[in-house]
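Novice: Here it is: the structure, laid out below.
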Amino acid sequence: MTAKPAVVGGFILGALALGVAAIVLFGGQRLFTSTREVVVFFNESVAGLQVGAPVTFHGVPVGTVKTIALRVSTRDLSARIPVVLELQPDQISWEGEHLNGDDDTYQRLIAAGLRAQLAPQSIVTGQMRVDLDFKPGTSAALSGEPTDLPEIPAVASDLDELRDKVTELPLRDLVETAQKTLANVQALTSSLNTRIPTLTTSAEQSVAVATQTLVTTQEAVRQIQADASVTLKELSDLLADLHRQVDARGGELGKTLSAAERTARQAESLMISLNELAGPRARFRADLEAAARDLSASASSTRSFTRTLERDPSALLSGDTKR
């Protein structure tokens, strides 16, 4: 009998050890981690949000969703969904002034623009999460519901804003415009189907004309090439004949050039001699001028003698020719 209590005690101690190990293994983080609960009141649908969903700040996990409830007002039949968030302040490192996570801390953060917003956790599964972020300039209106927890204002999710914008679109006008556009496209397609055969025929004719023109041009180019070849050959023959004549007449041309050079030198000597004779200080010119003066005097005497004889022919006999 004494052995049985020992066995029972051993089982009890083993069970306690397993329990402690399980608590440390599966819940040790929560056991030794300080948490802070806050509440967010959503007016929009929270479909896809579940208890245990992550709470993030810029994508960093800072807590989880603890509870999701529903409050319906009988006064205006409005529905509010209080979602309690279990935050872990130790996940945030504060730079500068340390915030201890009390109510005053949350009031300061809310005044700075802290807001809660639903965000997709997985597009495939449709699961949602709660994202915290600073959004200065957005409304900080609180729900006014009685609560013992600090309340973080909620803002509409991006999907909800997109749905509101789509709802505000003039979808009927857009559909009518799209229908008219489709009708115009169909009419244009029908018109093209009618005109394409004509255009194809015209294009084929144009291609045929262009082909014929190309053939004619090619023939003309070939003829021009042939004529140019003949002309170039004749020109080459002419140049060759000219070279032969120049080579054959080279000696005669040399003699002619030599004679021309000698004649030029003789002409140059003659011009020099003439310039010397005709110069103002040339001796031959002085002699010519003296002879000219003598001839002029003789001519004057002859004219005077002639006039005397004309007046008195007998003067030749008497010798008186001075009258």
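A Cβ is built for glycine as well, from the same backbone N, Cα and C atoms used for every other residue.
If you look up TrEMBL, you'll see 6-26 marked as transmembrane segment. Under the heading domain 'Mce/MlaD', TrEMBL lists 35-134. Marked as compositional bias 'Low complexity' by TrEMBL: 296-307. Summarising the annotation, TrEMBL assigns region 'Disordered' to 296-323.
Map these features onto the structure and tell me what's around them.
Specialist: Helix, strand and coil counts under DSSP for the domain 'Mce/MlaD' (35-134) come to 12 helix, 45 strand, 43 coil.
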Novice: Across the domain 'Mce/MlaD' (35-134), what does the pLDDT come to on average, as a whole number?
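Specialist: Here the predicted model's pLDDT, averaged over the domain 'Mce/MlaD' (35-134), is 86.
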